[in-house]
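Positions annotated as transmembrane segment by TrEMBL: A:7-32, A:122-144, A:164-190, A:202-219, A:231-251. What TrEMBL lists as N-linked glycosylation site is A:N82. Annotation comment: TrEMBL describes A:84-144, A:179-257 as domain 'Potassium channel'. The region 'Disordered' annotation in TrEMBL covers A:277-314. Annotated compositional bias 'Basic and acidic residues' per TrEMBL: A:281-296, in sequence order. Positions annotated as compositional bias 'Polar residues' by TrEMBL: A:304-314.
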Number of protein chains: 2
Amino acid sequence: MSSGYKSWILLTGFILFYVAYLLLGALVFSTIERPVEDKLKSDIQVLKEEFLNQSCVNATSLENFLEKVLQANKYGISILPNSSASSNWDLASSLFFANTLVTTVGYGHTTPLSDTGKAFSIFYALLGVPFTMLVLTACVQRLMHPVTYGPIDMCRQRIGLDPLAATAVHFAILLLLVVLGFFVVPAVVFSHIEDTWSFLDAIYFCFITLCTIGLGDYVPGEKPGQKFRSLYKISVMVYLFLGLMMMYLVLRAFHRMADLHGLTSFFQLPHCDEDTEEDKEPIIEVGHEDQHEAEASAKPLDPASQTSYNTINR
Amino acid sequence: MSSGYKSWILLTGFILFYVAYLLLGALVFSTIERPVEDKLKSDIQVLKEEFLNQSCVNATSLENFLEKVLQANKYGISILPNSSASSNWDLASSLFFANTLVTTVGYGHTTPLSDTGKAFSIFYALLGVPFTMLVLTACVQRLMHPVTYGPIDMCRQRIGLDPLAATAVHFAILLLLVVLGFFVVPAVVFSHIEDTWSFLDAIYFCFITLCTIGLGDYVPGEKPGQKFRSLYKISVMVYLFLGLMMMYLVLRAFHRMADLHGLTSFFQLPHCDEDTEEDKEPIIEVGHEDQHEAEASAKPLDPASQTSYNTINR
């Protein structure tokens, strides 16, 4: 089996296993947290009724009541009647939580309520975070040829730019496309779907999310009575995954450009790592030897280009 | 000036500039958000008094009141009297916020209230996140010799382990020390300082923080009347920085071990990048040529060891 096929099968396997891992996590979180949430919800309703039945409301009783309300709210349990219909731990929401955990975004609008949930979060993220990094790296690895090496070569061969200029022009175009496709367009969509979000709020959400900061002051699909809530949550998860992939790709393209321009040497930082054979696989199948020649001719100025041959051919 | 000195001066410059960047961010956040917070705080107190002065409290008025209380709470403004004394946007808290923003932890227990604050957060993180990565990378780079290469060489030369075994043993010991020093011991300290945190809560906090997930359900120094609050917040920031550095170091040591054991080749992922000259600088000063010889003899089995020479000596 050729190395290219093996690499694609491996990647498909990774992605399928990743989806299965998220589903499994969602099931476990939902099973652990749903009963605790139901208990807290009914407790808070009882509390509300008791408060309303009081003959007189003074500052102390109000403060005691509010303290409990705010405590429950911290765990994502709202006392408001229109919020109590939807659960934070149904399958779609648990899947969303599992996804924000392993991508390290961690909005924190829902957090595990029970000690079991907390312990499972640690265990789940311990495997899930490196696994997500692995899947993202593997995807980016496959995208480097069509998105980075290919267009740079085209710039050089068709327009006749020198390698440094070609890399810089390519990076500028890539950055512009990512900003448009993963910030501006999604922000327009989010500000239309979410009634209370302005365009700035939506851009702020996209940025805070794709940098994995995840403050959680804006979380999509949380308004009461959200239409197609599950589908919406899953779409946001896909956006998150693709967005992170593109951020990683931009970072790698930037690292490579900085390397070519001597910035990494200046800051004495690790050089951009050479990619494995599959990365630079030509679209038209060539013989193994020809392929290496093609690679060698394609990147004559890359200072570390000999690296990959030492590594690959060992 | 020798390359080693230059490298240390560069690193010190980075760190000083990083601290200045955090202080500047804190000042700007504090200036932007403090007035908005004060306004919201007084609004919510007026609301509370109005509610208490009502002749009868019914479900609708309570729900309207609670909706506003929860909305303010989302922005970190608590209606409870003992919480209103401390500000979320004093200098120490703003510094803490700036730090959680650029490290991508993003607890979200305080979030910018104004549009100016949100826009500034985007701009600040846009420069700050890559800058933090740069500072962390530069620090880890300097730590790789004393923490990774040095001990591995010692394992090999003194105990006579083969390179693969030496790397594995070193990784296991490093992992154990990091778990003890950056998870278990801080968790003991946090569970003592924070009254409401159990040991599991504290371990969960350390883990969620150092993975940069930052759910924000546990944030240190937030209890009302916290003693030495500013000092405590700054200590947590130092813990966060050192902890992230160690996580990155462990990740790099793991990547290197995976590389040596052929795992990266199996998954067709980028190989662990060779480090620049300063990384492997011997503690005892040797001549330039001798140093290269020492490096070559130190890592004979590293498949990509020739790389660094091609890159360094070009």
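Backbone N, Cα and C define each Cβ position, glycine as well.
The transmembrane segment (A:122-144) makes no contact with the transmembrane segment (A:202-219), as judged by fewer than three Cβ pairs under 8 Å among residues 6 or more apart in sequence. Note on the transmembrane segment (A:202-219): residues 100, 103-109, 182-184, 186-188, 190-191, 194, 240, 243-244, 247 of its chain, located 6 or more positions outside it, place their CB under 8 angstroms from a CB of the stretch. In the predicted structure, the domain 'Potassium channel' (A:84-144) carries a mean pLDDT of 92.
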